[in-house]
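**Q** First the structure, which I've put down as structure tokens, then a few questions once you've had a look.
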Amino acid sequence: MAACTAAQQLLLVLSALGLLAAGAPQPPNIVLLLMDDMGWGDLGVNGEPSRETPNLDRMAAEGMLFPSFYSANPLCSPSRAALLTGRLPIRNGFYTTNAHARNAYTPQEIMGGIPNSEHLLPELLKKAGYTNKIVGKWHLGHRPQFHPLKHGFDEWFGSPNCHFGPYDNKAKPNIPVYRDWEMVGRFYEEFPINRKTGEANLTQLYTQEALDFIQTQHARQSPFFLYWAIDATHAPVYASRQFLGTSLRGRYGDAVREIDDSVGKILSLLQNLGISKNTFVFFTSDNGAALISAPNEGGSNGPFLCGKQTTFEGGMREPAIAWWPGHIAAGQVSHQLGSIMDLFTTSLSLAGLKPPSDRVIDGLDLLPTMLKGQMMDRPIFYYRGNTLMAVTLGQYKAHLWTWTNSWEEFTQGTDFCPGQNVSGVTTHTQEEHTELPLIFHLGRDPGERFPLSFHSDEYQDALSRTTQVVQEHQKSLVPGQPQLNVCNQAVMNWAPPGCEKLGKCLTPPESVPEKCFWAH
């Protein structure tokens with residue numbers, strides 16, 4: 001039998017989901033809510049004692065909670081690249097080979113970005129007639145060839161980099177904010193952030209962008225993909241005036257409360273427009289909470305060890321909620337091992353599209369889990385740069401390498417695991433365990449404090465199964481061309497498109513490409 005066309009595949013999916021109506025089929029809208037440095041333990045539904053996330057808790061009560069959902073990397077840029085490609089960063093190029101097991105991302109001086117050879121989710125969704133918008137942080141490269149509107153998005157309001165600053169526009173420029181193809185200002189200038197008080201109106205702007213886009217696409221009767229990637233919970237944390245000082249958790253809690261309020265507005269609009277049953281919404285975060293910034297500017301990873309920058313559970317296990325009234329039964333909890341890469345494949349399935357067949361796709365289609373409660377065996381791989389640090393299979397997690405950061409950094413105050421030191425586990429030298437991995441049973445020991453005895457039958461059984469999975473993975477792995485090796489002061493945001501109209505072009509320094517330095 002001939003392969004199904006995209007249209008035939010869509011008809012089959014919509015028929016199975018009960019979404020066919022008179023006239024042409026309309027695939028479900030897709031809304032992905034990606035937070036920045038938000039921890040697993042920041043949601044009331046996950047046990048945060050202040051219970052300051054009523055809308056997210058309601059979202060979970062009306063949908064499906066995933067307690068075992070993971071990012072693809074303990075850092076922002078590689079995780080976002082994995083979400084939009086469905087592929088591990090080691091495959092899509094979002095890693096560095098400048099040093100062993102180093103986290104890398106896309107600061108202003110990076111020369112690399114998302115390769116044209118990668119197929120991004122919005123590019124593929126266009127084939128099914130979707131209109132695509134990104135709101136917030138892109139972080140997959142800021143040079144012209146990496147612009148999100150060149151990679152499938154139709155609209156953009158947000159920034160190419162994180163909201164670090166303010167800078168003097170001499171040694172380093174302030175980060176631009178874009179409206180579609182051109183900048184419309186810069187952070188700390190046209191888009192102020194008060195570093196002393198934490199006041200900024202950005203979340204309100206990002207929320208209104210989302211609401212306006214939904215209303216416009218509903219009026220057009222056009223299926224839409226909204227990628228809402230806001231960064232209020234990334235240090236320096238910010239919140240708007242009406243939320244500052246309202247949380248029991250300090251400024252970080254203020255930001256979480258505002259995000260929760262915004263999520264409530266988005267879900268309410270979908271319901272008021274009568275399109276909630278035809279809109280799939282998923283909430284998660286790019287990596288674990290940055291404990292180094294806690295408590296005032298960092299979140300909670302609940303019972304899990306360490307945080308952002310590490311491949312312990314606190315660095316990569318994320319809050320995750322799926323919401324789709326009328327399709328995902330209310331009040332469900334799934335212990336399926338999920339990954340941020342699954343959002344790529346699941347979204348394609350919703351649109352009636354198959355993932356690309358010319359490359360390895362790491363993301364799974366979670367619709368069978370969400371709609372029918374099916375469980376799938378799959379490993380979770382924990383990479384740090386070019387190094388496979390750990391793997392989880394079922395309840396067992398095997399550490400092939402352990403490292404938090406160097407003793408030098410640690411003694412100078414950089415601590416990714418404050419108050420959580422575990423002897424022989426949270427090491428400050430790179431320790432190899434590939435012959436005899438440290439293995440933990442995450443069901444009994446979610447904090448990774450008590451490794452199984454090497455001599456136990458349980459260890460030997462877990463080792464046998466884990467070793468097979470790792471060997472199969474590494475045997476077939478073809479790493480992508482590393483994108484995060486070369487830096488250059490001349491490629492920073494000196495003169496973004498549109499700067500001429502605003503009189504905000506800056507003169508770049510001489511181009512001097514050099515190897516990026518990644519400390520940890």
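Residue 1 is the first one shown; counting continues down the chain.
Each Cβ is built from the backbone N, Cα and C atoms, and glycine gets one as well.
Pulled these from Swiss-Prot:
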SIGNAL    1-23  signal peptide
REGION    24-377  region 'Catalytic domain'
BINDING   ASP36, ASP37, CYS76, ASP286, ASN287  Ca(2+) binding site
ACT_SITE  CYS76  active site, nucleophile
MOD_RES   CYS76  3-oxoalanine (Cys)
ACT_SITE  HIS139  active site
CARBOHYD  ASN201  N-linked glycosylation site
CARBOHYD  ASN421  N-linked glycosylation site
**Q** Closest to the residue listed as 'active site': which of the recorded positions ASP36, ASP37, CYS76, ASN201, ASN421, going by Cα position?
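**A** So, of the listed recorded positions, the one sitting closest to the residue listed as 'active site' is CYS76.
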**Q** In whole Å, how far is ASN421 (N-linked glycosylation site) from ASP37 (Ca(2+) binding site) when you measure between their Cα atoms?
**A** 21
**Q** Give the sequence-ordered set of same-chain residues, not counting ASP36, ASP37, CYS76, ASP286, ASN287, with Cβ within 8 Å of the centre of the Cβ atoms defining the Ca(2+) site.
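**A** Leaving out the recorded residues gives MET35, MET38, SER71, LEU75, SER79, ASP231, HIS234, SER285, LYS308.
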**Q** Is ASN201 (N-linked glycosylation site) helix, strand or coil when read with DSSP?
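**A** Going by the DSSP assignment, ASN201 (N-linked glycosylation site) belongs to neither helix nor strand, so it counts as coil.
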**Q** Could you measure between ASN287 (Ca(2+) binding site) and ASN421 (N-linked glycosylation site) for me? Cα positions, answer in whole angstrom.
**A** 20
**Q** Taking the Cα atoms as reference points, how far is ASN201 (N-linked glycosylation site) from ASP36 (Ca(2+) binding site) in Å?
**A** 17
**Q** Give the three-state DSSP assignment (helix, strand or coil) for ASP36 (Ca(2+) binding site).
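**A** DSSP call for ASP36 (Ca(2+) binding site): coil, neither helix nor strand.
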**Q** Please report the Cα separation of ASN421 (N-linked glycosylation site) and CYS76 (Ca(2+) binding site) in Å, rounded to an integer.
**A** 24
**Q** Return the residues near ASP36 (Ca(2+) binding site), defined as same-chain residues 6+ apart in sequence whose C-beta is under 8 angstroms from its C-beta, sorted by sequence, else 'none'.
**A** CYS76, LYS137, CYS162, ALA229, ILE230, ASP231, ALA232, THR233, HIS234, SER285, ASP286
**Q** ASP37 (Ca(2+) binding site) has how many other Cβ neighbours within 10 Å of its own Cβ?
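**A** Result for ASP37 (Ca(2+) binding site): 28 neighbouring Cβ atoms inside 10 Å.
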**Q** Compute the average pLDDT of the predicted model within the region 'Catalytic domain' (24-377).
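**A** 98, rounded to a whole number.
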